[in-house]
Structures are given as C-alpha cells and as structure tokens.
Amino acid sequence: MVDTVAKTPGAEDIHVDAPTTHEKLIQFVSDIAELTTPDRIHWVDGSEEEYAGLTDELVAAGTFTRLTSPDFPNSFAAFSDPADVARVESRTFICSEAERDAGFTNNWVDPAEMRETLSGVFDGAMRGRTMYVIPFVMGPLDAEDPKFGVEVTDSAYVVTSMRIMARIGTDVVRRMEELDAFFVPAVHSVGAPLEPGQDDVAWPCNKEKYIVHFPETREIWSYGSGYGGNALLGKKCYALRIASAMARDEGWLAEHMLILKLTSPQGRSHFISGAFPSACGKTNLALIDPTLEGWTAETLGDDITWIRPGKDGEFRVVNPEAGYFGVAPGTGWHTNANAMRAIAKGNSVFTNCALTDDGGVWWEGMTEEPPSHLTDWQGNEWTPDSETPAAHPNARFCTPIDQTDMLAEEYYSADGVKLDAILFGGRRKTTVPLVTESRDWNHGIFFGATLSSETTAAAEGAVGKVRRDPMAMLPFIGYDAGDYLNHWVRVSGQADPEKLPKIFLVNWFRRNRDGGFAWPGFAENSRVLKWIVERIEGRGEAVETPIGLTPTPEALDTTGLDISDEDLHDALRVDPQEWRAELADIEQWFERFGGSLPQSIQGELQQLRDRMGG
Ligand code: GTP
Ligand code: SPV
Ligand code: MN
C-alpha cells in the first residue's frame, strides 16, 4: 500500500509511486491522476488491514454506520443521496465508433464527442480526494485467459464494495505482471471535488451523471453516481456490457444469469442458469431451499454468468463475481434463509436499509412482523404506522459469496461446469405461464428474444410497466441487440447439438382471478425445477401448446403443496386471447430491430402465428 501526497493539485506534481512493473497500468494511473488531480493516490492491496482502515475512515466521514448488533458482525450500513439509489439507464451510453453498432436498445454518442465531454467533467474531478487504484479480475485468477480490470475511483465506499464483489488487490497485479496482461481501464468519480477547507457530505455525488462504455477500446468511464451498478464497475459495466462485446469477438456469451446446481434424490446433478431482469428473482432462485423431499440445491452465482463452448461440444459456465449485491426487501428467513445465513456471518455492507434500535438493519420482508421502531433509510423515525417503506425498495446487501453454506464446490472451478438448462423469466401478471419448454434451441432463443417483464425499482423510472427485455439483457447489451441475438445463434453452432442446454420460459409472478399470485413461488419453485430436470432426463409429461411444451397439472409435483386447482390452472394456462395480444406486441418489438434480427428468429414468429391459427 503506497500513499503519495501531491505537492499541489497540479498534474505533473502527482507522484504515482506505483507498486507495479506493469507499464500500461502505471501509464493509465498517471494519465487519470493528471486529468482528475486527486490529493493522494492509494494502491489498493485488498488486505484485511486495509479494509479495516477504509471502513474506519468511512465511519468517520459519516458514510458508514458501524452495526453494533451481534447479528451483523463486522458490517456497515450506508445511506445514499436520495437521488442516487439505482442504475441510471437514461445516462448510460454505448459509444461505439458507428451508431449502428450500439443498436436501438442503447443511448449512443459519437465517441470523439463523448471523450471531449468526459475530459471536461473529469477535469479536476478528484480534487481534494484520494484516488484509489483497484486492480481486479472477473472470474478465477487461475483461468486460462483471466479477464482483468483496473478501477480508479475517488470513493472508498466503492473500494470496500468491490472487495466483496470481485477478486482484487496484490495477487491480481502480480498475475497481470506475469502475463503482461490486457486490462479494462475503468474510471470512476463521484463528481464532487472538494475545495480547500470545504466539508464533505456523507454521500458525495453529482446531479449530472455519465455511465459510459467504449466497446471497441474496452473502456469504462463513470461519473456522478456512487451507487451499485453505476459505480462498482466490475459488475454490470464490465462483466456484462464490455464483456458482451469481448464475447462477441471471442466466441462466448456474457449473460445476466444465476447458476444453480440441483441434485435429485437419485443423486444426479444438473446445472441450470436463469436470466431474469433486475429484481425478478435471480438471487432468490440461486439460493433456493427445495421443499421437495430428497432434492438439494447449491449455488454458483446469482447475477452474472459467462458461457463458453467447451472442448467436447458442451457449454461451460462460470460466475465472474465474488459476492452478492442483492435486493434486500423481500429477503427474509421465511423466503431466502440461505441469503440470511450468509448475511449473518457478517462482513457485509448494507445500502439504504433501515436501522434498528439495537444497531442492526431491517428491511421489509426480513421478518414477518416489523420492529416497533426504526430509523428509515433517510434518517427519519419509522413505526409500522408510517406510510413510507423503512428501506428503499432497491436497498441492497453486499455480502461475500464464500459465506454461503450451500455454495457449490464447482464455484471455484476455473474451467466452469457443463450447462444443462437455461431459464428465461420475467415478472408478468398475465399471459406467460408458470413454465414452458421450448421446442428446440432456436425456439429457445425466441423465448429469450421476446422476454418481457414489468419494470422494477432496480432502475430509475416508472415501476410496473411491461417492457421487452431480451435475455434480461436490455440495459446490458454492449452492442447492437440484433447482432447480439445473431451471436447467440452463431455460438450455438460451435456446440454439439446433442449437448445444447434445454431452454425454458418461466413466470413466478402470474396473478390468479383474485389478483393474488397464482403460484406460491420462492422455495416452491423447486417443483418447477423438478419438472425441468425430468424433461432434461427425457421423462416428465408435457402437452403441446401453440407457445411450447407445458406441464399438465398432474405432471407438476404438488405433493404437500397448499394450492387450489383454480390457482394451478391460472398459473399454467395458455390463453389464446392473451397470446393474440402478445403476438401483436412481439411483432412491434421485432420491427424495432430494423434489419438486424436473425432470420431464424423472425421465422419463429411466423411459426407461432401459424400455430395460433393465423
Ligand atoms: P437483481 O439483483 O436486481 O438483478 O434482482 P434479482 O433478479 O436477483 O431478484 P431477487 O431474487 O432479489 O428478487 C427480487 C424480488 O422478487 C424480491 O422482492 C423477491 O422477494 C421477489 N421474488 C423472488 N422470487 C419470487 C417468487 O418466486 N415469487 C414471488 N412472488 N416473488 C419473488
Ligand atoms: C441490477 O440492477 O440488475 C443489479 C443491481 O443487480 S446493480 O448492481 O445496481 O446493477
Ligand atoms: Mn440479485
């Protein structure tokens, strides 16, 4: 760890004093220091002592509240600026050379113009602050081709969170040096320089925000936000947006998916991934406790999956992350005990949760009964009579994944595991049945291409509006969406057709005739997983419908489940009228791709039309 004080905030006076021989890294840090003129540079080593020092500083600065309840050892609560609580999709840019290559799902600005804007906003942006240099690797450090990044940031909150979410520090730099490796340069500033003598605020940020990606040069520039996916640049910015562009060029897939290992009573294990949009149940499914006798689940990841064609024509998957950045509300002992057990081991950072009177945190759904008194996420007194939620709906827990009791040993495998099934899922009150199997791989890509969900609090904007979200990647595809679907088609050409994962469409959120959830969800989703495994193994009853293969009510194991026949019917039903409306919406959606939608996917739409009788 090297702390270097600049003599004056003038560019050439900043002494970088790099603890590395990696020339490009030294050059990068020098360039950013020159541009942003921080007071100090701190090379992050990732050690426990460093973490302790940083958390002390964050407590002193008022950013962190140290939790004193024994239920949350070595953990901290942070409260963001009320205007900095989620990803900002309207301020997220893909600056490819050609506008066409960003596609209709992204905001595009000419890269030269954006670079000029960024050199303006970043000019002196770190004045009065420390610039932290965080070397990180996404995925195992011993991977054949480790994917490195270096985030420079003026936020200690980001450093502590990145230490949980990714593999960071000295080991990473040593490996980068050995390989003279390429790294993704990722620049982050909260955009709040301090003048001499100016007091800092607990959560510095800027009203003006830029979350910018240059896919060709693999660069990330993030300005103005300290929050989650806007600021922890290894996560959505690198592991999805930049990685998807790398994956396109290198023949693999970077996806917004959980990975689950499921073992049947007969002892057979299968690996299942699931792409659900933000706040639609990935973390919950990744940490499921099956209710069915004899079934065990273990997790490998809850948010991001990298998929590569393996040597034997199979698809192999790894989780590039090292922690959870999970939605807190709704996570409780009765819904997600595995997450609660991981959290209870401590070493966590909670953002925008409520504080309990005994020095812990609480959020809606943690316990069935709320505590009688809390301090809400904005610092106000809160009681169960209060009209606003105690925790922000997008409040998050940030917890190391290796604290999970049910972590699969394969999580550590650099080579990944063979993927057996992919689930695409969304939050739909109507239309989409509990589970549908695709007829074949191409039909499965059609499921992904037409995936839709009601919007949630995970991003700014209205909540509850149905939008198409291809492969749950709408905000994360780093290039043209049609090219992205074409890439899915092409990559599968490298696999053995016999070994392609089976693809399913799921919806835990359909409503019954009374407006409640038709399906109990959460742990009971293991019943759906059982049917999926039976289908993988060539068993399990399914009926042909115009939209794909669905289980008969009898094919779904409902032993011991308290569900009415009406609810089960409402959950599974394929309603021709709803699907006619859906078809019209899909047609409009496909028109937005212009010419870049794969022919084979367009063909699936025609087949659906035909099966529905024109
Ligand atoms: P991101 O981390 O934002 O990508 O979200 P996620 O996809 O990991 O979603 P998560 O598992 O955190 O769940 C989001 C919300 O959906 C929580 O409030 C959950 O309680 C709720 N949820 C998850 N699974 C189910 C389910 O099976 N049924 C119902 N009704 N709600 C669910
Ligand atoms: C999501 O929004 O999909 C998240 C949270 O997982 S964030 O890290 O903010 O992207
Ligand atoms: Mn999640």
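Backbone N, Cα and C define each Cβ position, glycine as well.
The domain 'Phosphoenolpyruvate carboxykinase GTP-utilising N-terminal' annotation in TrEMBL covers 27-248.
Within 10 Å of the Cβ of Arg87 (substrate binding site) there are 23 other Cβ atoms, across all protein chains. For Arg87, Tyr227, Gly228, Gly229, Ser278, Asn394, Ala395, Arg396, the entry in TrEMBL reads substrate binding site.
As annotated by TrEMBL, Mn(2+) binding site applies to Lys236, His256, Asp303. Following the DSSP three-state reduction, the secondary structure of Lys236 (Mn(2+) binding site) is helix.
Under the heading domain 'Phosphoenolpyruvate carboxykinase C-terminal P-loop', TrEMBL lists 252-611.
Under the heading GTP binding site, TrEMBL lists Ala279, Cys280, Gly281, Lys282, Thr283, Asn284, Arg396, Arg427, Phe522, Ala523, Glu524, Asn525. Long-range neighbours of Glu524 (GTP binding site) (same chain, six or more residues apart, CB within less than 8 Å of its CB): Thr291, Leu561.
The Cβ of Cys280 (active site) lies under 8 Å from the Cβ of Gly425, Gly426, Arg427, Ser453, Thr456, Ala472, Phe509, each on the same chain and at least six residues away in sequence. Taken from TrEMBL, the feature active site applies to Cys280.
Checking the recorded positions His256, Cys280, Phe522 against ligand 2 with a 6 Å cutoff on the Cβ atom leaves no residue at all.
With a cut-off of 8 Å between CB atoms and residues at least 6 apart in sequence, the same chain places Arg87, Lys235, Lys236, Cys237, Phe325 near Gly229 (substrate binding site), listed in sequence order. Binding-site extent for substrate: residues Arg87, Tyr227, Gly228, Gly229, Ser278, Asn394, Ala395, Arg396, maximum pairwise Cα distance 15 Å (rounded to the nearest whole number). Checked against ligand 3, the binding-site residues Ser278, Gly281, Thr283, Asp303, Asn394, Glu524 give Thr283, Asp303 in sequence order as having a Cβ less than 6 Å away from one of its atoms. In this structure, Ala279, Cys280 are the recorded positions from Ala279, Cys280, Arg396 whose C-beta falls under 6 Å of some atom of ligand 1.
Under DSSP, Arg87 (substrate binding site) is assigned to a strand (E or B) in the three-state scheme.
Among the binding-site residues Tyr227, Gly228, Ser278, Ala279, Gly281, the ones whose Cα sits within 10 Å of the Cα of His256 (Mn(2+) binding site) are Ser278.
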